[in-house]
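For reference, TrEMBL has these:
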TRANSMEM  24-51  transmembrane segment
DOMAIN    25-499  domain 'Major facilitator superfamily (MFS) profile'
TRANSMEM  71-88  transmembrane segment
TRANSMEM  100-123  transmembrane segment
TRANSMEM  129-148  transmembrane segment
TRANSMEM  155-178  transmembrane segment
TRANSMEM  184-204  transmembrane segment
REGION    257-292  region 'Disordered'
TRANSMEM  307-329  transmembrane segment
TRANSMEM  335-356  transmembrane segment
TRANSMEM  368-387  transmembrane segment
TRANSMEM  399-424  transmembrane segment
TRANSMEM  445-466  transmembrane segment
TRANSMEM  478-497  transmembrane segment
Amino acid sequence: MLTWLTGSPTHPPALLPLRSSPTFIILTVSTAVFTDIFVYGIVVPVLPFALTARSAIPPAQIQTWISISPAVYGAALLVASPICGWLADRSSSRRLPLLCGLLALGGCTVMLCIGSSIAVLAAGRVLQGFSAAVVWVVGLALMVDTVGPEAVGQVMGYVGLSMSLAILLAPLLGGVVFAAAGYYAVFAMAFGLIVVDVVLRVFMVEKKVAARWLPEREVRTPHEAVATTTEKGVELKDVELADARLSTADDFKNQSLALPPKADNDQQTNPSLPPTPEDAPTEPSNNQPTRLPPIITLLSSRRLLSALWACLMQATLLTAFDSILPLFVRNTFHWTSVGAGLIFLPLVVASFFGPLVGWASDRIGPRWLATSGFALSCPFLILLRLVERESLGQKALLCALLGFVGVGLTLVLTPMMAEITYAVDARARRLPAGAFGVNGAYAQAYSLFNMAWAGGCLVGPLLAGLVNQRAGWGPTTLILGVVSIATAVPTAVWTGGSIWKKRRSDREAAEGADIGLNSRI
């Protein structure tokens, strides 16, 4: 009956080339990210009503429970992320966990819609955290499986774009629809979006599944490609490169050269350079895979830890404004809730260029893009202290400064999301083949990213809110600026591998080239 949807041993599913295409898979994951954040954000403007009118919470306690709500969500996200990553890397399919995540998303939306007690609303937020963990961990790993490391930066840009659109539209539409049509109309939007998400996830076909009927599209996972080419002495990023250069493999082997992946150093445009010592393949003492869990092995990489720290700080800086900006514009400009919501537009509008930033990261590497993002944000964060009174010029200044901060944070997020993939590949090349399993460790790596992001979402509002309450707007923006420039230092040093090792290897390569030239002369 469902042969047209799932296929059979002799007949492929309907529209298989379309449903397994990278474009369709990217669209599916981006829609899943948008839906997850939209359902989370759409509740924000109606939560006070739900607490007072439906849960009978006294007005004096509303602020407390509103603060607890995102904390419960963040805690569930932190707990569920590593579990989802571990399970996804051991599952034969990425699609199945995504479908299970839909059950959690639908369940949490129903609970938030009909819940009339604090316990039900809190349980809904917990389920929402589990759903977000599945989407971010499994979805991002699926995108890496689909496009490979060489294009991961650009596709992460689409994820960032989906995330920013949801952050912008969800509270705005939630407030407008709630005021115009009431409580249940808000959740009607959420359920409609979930239906679209269900259709896309059900119709999506993974590339490795599609290969049963489309053998010409048979590709190995990026991790398998790296492991296989390492055994041959040829460092290639994916099978397409391996096929293109198969005829020259012996020459590379004889010269003991390796092709570095684009994110391991800043010399992607010249593949003839040798890899940095950190990324060079090492000969294992035996053929047994490492006994350490992959997530522990990943955490031993200073490069990955630096990327996770940058992601945590980026989330901290971005979400810090959630707790201070609405209050600031209300007290300084006497704006209503509509204005307080629209003031976030300058922060997120730069994310529309996320795919372009990702494209640039794929070609020049993430190191200097992310470093420049933190460095650019620093002065404009500090200059926010100049906004202190109500006037048209001050309002324009605030919007302009927030816009530049948004540009800086956009330069950070997309390259660092791609850097996580690059760091996993670099670590895999230093381990015995198969150490991370058939599926690699991408899902577990992005579970760490998810935990870092959730940690930033918890730290940012808390840090900015407490400092603003004790010291005021000026010191708060100063601290945020210092945090930004301080994070630029480890980002510059460790992104793409140790900059000191890279410079040493570049110097040795240059000296070797000079010796070879002199010997020929």
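Glycine too: its Cβ is placed from the backbone N, Cα and C atoms.
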### Query
Cβ pairs under 8 Å with the transmembrane segment (368-387): which stretch of 24-51, 129-148, 155-178, 307-329, 399-424 has the most?
399-424
### Query
Under 8 Å, at least three CB pairs between the transmembrane segment (335-356) and the transmembrane segment (184-204) (pairs 6 or more apart)?
no
### Query
Does the transmembrane segment (399-424) make contact with the transmembrane segment (155-178) through 3 or more Cβ pairs under 8 Å, each pair 6 or more apart in sequence?
yes
### Query
What is the average pLDDT across the domain 'Major facilitator superfamily (MFS) profile' (25-499)?
79
